[in-house]
Amino acid sequence: MIDTPTSPITSGLPLFFVITVTAIKQGYEDWLRHKADNEVNGAPVYVVRSGGLVKTRSKNIRVGDIVRVAKDETFPADLVLLSSDRVDGSCHVTTASLDGETNLKTHIAVPETAVLQSVANLDTLVAVVECQQPEADLYRFVGRITISQQIEEIVQPLGPESLLLRGARLKNTKEIFGVAVYTGMETKMALNYKSKSQKRSAVEKSMNSFLIIYLMILLFEAVLSTILKYAWQAEEKWDEPWYNQKTEHERNSSKILRFISDFLAFLVLYNFIIPISLYVTVEMQKFLGSFFIGWDLDLYHEETNQRAQVNTSDLNEELGQVEYVFTDKTGTLTENEMQFRECSINGIKYQEINGKLIPEGLSEDFPDGFRQSLMKEEELFLKAVCLCHTVQISADQTDGIGDGHWHTNGIVSKLEYYASSPDEKALVEAASRVGVVFTGTTGEGMEVKSLGKPERYKLLHILEFDPNRRRMSVIVESPSGEKLLFTKGAESSILPHSRGGEIDKTRIHVDEFALKGLRTLCVAYRRFTAEEYQEIDRRLHEARTALQQREERLADVFNFIEKDLELLGATGVEDRLQDKVQETIEALRLAGIKVWVLTGDKHETAVSVSLSCGHFHRTMNILELVQHKSDSTCAEQLRQLARRIKDDHVIQHGLVVDGTSLSLALREHEKLFMDVCKKCSAVLCCRMAPLQKAKVVRLLKTSPEKPITLAIGDGANDVSMIQEAHVGIGIMGKEGRQAVRNSDYAIARFKFLSKLLFVHGHFYYIRIATLVQYFFYKNVCFITPQFLYQFFCLFSQQTLYDSVYLTLYNICFTSLPVLMYSLFEQHVHPHVLQSKPTLYRDISKNALLGFKPFLYWTILGFFHAVVFFYGSYLLMGEDTSLLGNGQMFGNWTFGTLVFTVMVITVTVKMALETHFWTWINHFVTWGSIVFYFIFSLFYGGIIWPFLHTQDMYFVFVQLLSSGSAWFAIIIIVVTCLFLDVVKKVLCRHLQPTSTEKAQIYSNRVALSDEFIALQPLSRARNQLSKIRWKRIRVQSAQHMTLLKAGTEGRTIGNC
């Protein structure tokens, strides 16, 4: 049996506290998830059974149940649409909770079931649905329905347009009926649940490394103490002194077992050097500190009423360590608000001026009545734009289109369009302004008004867009009965399939549009004879009803249809830059962060936008690795680029890579490619697939230097790189919220990235780095006197401190000052940090948690511990009487003196590290010292009946009654901290760092109302009230009420 030097409660209570706090936090989060699951699984739904509607819970739905869903309700399972309240069996849904797209999507039932609009009719339905096994792809569904009608069976294909996904919401439709095909964990939403790979910050890795070192120190001290004990006991007088005779059992026990027992006892005695409470303090700091990002008014976007969002608090400090930023272009650097600028029709460039298409070079000062009509080619081009799309009109407007208000040129006013693609919406709106208006769909028809003349086209087939073809098409029947194919897409997918039209001129115009930074699309058409259309219709039906290899068959049919096209023209749509993008990218560059732009846009457009946003400088040497088809040519080009960079090492270089060349470069020349990229100041990757974006991030992330990476994007195509990077940031843009949901942090605009990194990231890293180092320092101060004390008690494992002090040191006496420091510290004013991005370099590469700072704090801890112990020993060690009655102090008084000096010193040391003082810091810092004295007086001044022994009775009171003890406390504390103060003063004046220079400058900066969100809540609210009145005073009287109402809501709590 091991005779432990401390009680189990003393050793176990801190561990129990840490585990309990962590368990409460994890349990609370699990309870919230459980509560949310119950709300979803227990939601009421109605199913058709026995000729009526039966109410049940969503978790009770089984495959084959016919479910009724009403307007604005979510679908409880994956349903095949059977019918709706509309005659054509169509309905509109939003899938914002699945893919983030907020636009309305149209789903259509097969004609045979669309007529079954009542519960009674549906109860008589006899049908069999065959479909593929469950898979996660939201946009893929292959199946067919066989409907038994009297003596015949009708087979109809089922595709994504027939499937209503669980989690989507019914809109603009009174009710629908659908049959459940996938339920529970087999639904596409459930299959898309993906546990993110656990991201660990560099600080966590450093903490674990330090912990291993301290574990080695613990083992060394325990082994050394055990060896010294037996070396001391080699003398007989110390092995068995007259006052401590051994028992017979002790004399006959195994020496090996005694050695192990003593070793374990010393481990228990010294185990407090391992800062167990560090982990729970770090968890609390991260959790509480993350609220400051959401509260920051500078990260609040007033136009969209969106504030910054924290999805994970584990990576706060990683924001201060970023070395590479990978950013999407569309919707991230740009607004994703498309505006039609130019087009090319039949080889002639046009601009829109005052709602009219004007050929290039023609003045806009034309006489009235000029160009009131459209040429045949122009009208056909605009009709193609109005028919080949997925645009929808608000349901509130479709019913009254015929009676709407008209302009003099016959255009419907105030039609509100919805589209999944901003490009399509911009093109349809532009066509409506110049005279060809898409007025909606009715059943199988699409209605268009050309200069007021209504035309109805029958929609025969839609050839959906896919990333391989990079185009979409529709087959329609014109009012004259002619079968037409209209198609639009990227120029690389349209021009090679065109055999007529002004192909060469259009290609030149497309390149000119791209050089201006415009997004380009080409438009073409094809006429079918009756025989051709019959063949196409037959092949499409066969491919769409196939259960095996349906997608491959459809791709073959689509390629068969989309050939021999007549080119109509091309469009140029502008996506303007977001506010302050150029300034943000320049600030990132000054901070030593390299920016890579990864986009799916074409080469010319991407380069133009990179130049306009400051990613590429005009003076930068632009290198290109594009349009390579073989490994050999790609490798040769890479070697040439490497030589050019080496020869021209003085100037900055920028690199442009396209998707195909990137694939070749990564196949066999990865090291050479990475060497070229790292020597370039900026890299632009265009024509990138989503998985290629993630591969590039992974390539940098796993390189030998292992830099910290950050990926930022706004669309579903950015999710892979956001999840791959060390830190993923989603932009709350117009492409939905899928990127936001999969990110670690979410902001409304790219410009907020500078504040997030340079201020919040800087602060978080400084705070947690000091927190970690300080925790190890104060535990060294705590246990080293215990180790030194063994030299004076013959290594008898006598404890220096009372067990209550051992327990409460980390839990109560020294925990709050460092926690408050880690929440509120601002070593430099936020305005200075944001205006001087170069300060970010001072903390890069985990500078404050390197081996040198760690060694400094550890040596400082040992030095202070030696001063604590020997300073107290010099005062009391030679049987000196410190009381007036000649009474001498004992070992508990000595230990209490050491402990008192230690608590005061480590607390004041934290005060010396603090630059930003709030009333909370003052309260917990000086309050911790006061609490220690009050607690010790009560603990030692009263006889507690539940304690078996009370060694500390009246010890603390007796200690404080000695003037010499007070003098010793002051002298020892000053001695410990004097060298710290001298070091800080000398370093600051003789070799100040850029951060220390900024601290001097920031002391002269008045408190700016722009950065109040980082203040404590009370101060922030006071500053908010000042902002309101200050801003109101400069406004005109007529705006006072409006502005005050707008700013009242922007409080720290609810931004």
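Cβ coordinates come from backbone N, Cα and C, glycine included.
Please treat TrEMBL annotations as automatic predictions, because they have not gone through curation.
According to TrEMBL:
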- Asp328: active site, 4-aspartylphosphate intermediate (ACT_SITE)
- Asp328, Lys329, Thr330, Glu424, Phe465, Lys488, Arg519, Thr599, Gly600, Asp601, Arg687, Lys693, Asn717, Asp718: ATP binding site (BINDING)
- Asp328, Thr330, Asp714, Asp718: Mg(2+) binding site (BINDING)
- 44-107: domain 'P-type ATPase A' (DOMAIN)
- 740-993: domain 'P-type ATPase C-terminal' (DOMAIN)
- 209-232: transmembrane segment (TRANSMEM)
- 263-282: transmembrane segment (TRANSMEM)
- 756-777: transmembrane segment (TRANSMEM)
- 854-872: transmembrane segment (TRANSMEM)
- 892-912: transmembrane segment (TRANSMEM)
- 924-947: transmembrane segment (TRANSMEM)
- 953-979: transmembrane segment (TRANSMEM)
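Counting only same-chain residues 6+ beyond the ends of the transmembrane segment (756-777), those with a CB under 8 A from a CB of the stretch are 203, 206-207, 210, 214, 275, 277-278, 281-282, 285-286, 289, 292-293, 296, 299, 308, 316-322, 587-588, 591, 593, 710, 729, 745, 747, 818-819, 821-823, 825-828, 830, 833-834, 837, 839-840, 843, 848-849, 853-854, 857-858, 860-861, 906, 909-910, 913, 1011, 1014. For the domain 'P-type ATPase A' (44-107), DSSP puts the residue distribution at 7 helix, 38 strand, 19 coil.
Each of the binding-site residues Thr330, Asn717 was scored by the number of other CB atoms within 10 Å of its CB, and the largest score is that of Thr330. Between the transmembrane segment (892-912) and the transmembrane segment (263-282) there are fewer than 3 Cβ pairs closer than 8 Å, counting only residues 6 or more apart in sequence, so the two stretches are not in contact. Cα-Cα distance from Arg519 (ATP binding site) to Asp328 (active site, 4-aspartylphosphate intermediate): 15 Å (rounded to the nearest whole number). Neighbour counts of Cβ atoms within 10 Å were taken for the recorded positions Asp328, Asp714, Asp718; the minimum is at Asp328. If you look at the transmembrane segment (953-979), the same-chain residues 6 or more away from its ends with a CB under 8 A from one of its CBs are 863-864, 867-868, 871-872, 875, 882-883, 889, 892-893, 896-897, 900-901, 904-905, 908-909, 912, 936-937, 939-941, 943. Only Asp328, Thr330, from the recorded positions Asp328, Thr330, Phe465, place their Cα within 10 Å of the Cα belonging to Asp714 (Mg(2+) binding site).
Taken over all pairs of the listed ATP-binding residues (Asp328, Lys329, Thr330, Glu424, Phe465, Lys488, Arg519, Thr599, Gly600, Asp601, Arg687, Lys693, Asn717, Asp718), the Cα spread reaches a maximum of 26 Å, rounded to the nearest whole number. Asp718 (Mg(2+) binding site) and Thr330 (ATP binding site) are 11 Å apart (CA-CA, integer value).
Among the recorded positions listed here, namely Asp328, Phe465, Gly600, Arg687, Asp328 has its C-alpha nearest to that of Asp718 (Mg(2+) binding site). Confidence annotation: the domain 'P-type ATPase C-terminal' (740-993) carries a mean pLDDT of 86 in the model. For the pair Phe465 (ATP binding site) and the residue listed as 'active site, 4-aspartylphosphate intermediate', the Cα-Cα distance reads 21 Å.
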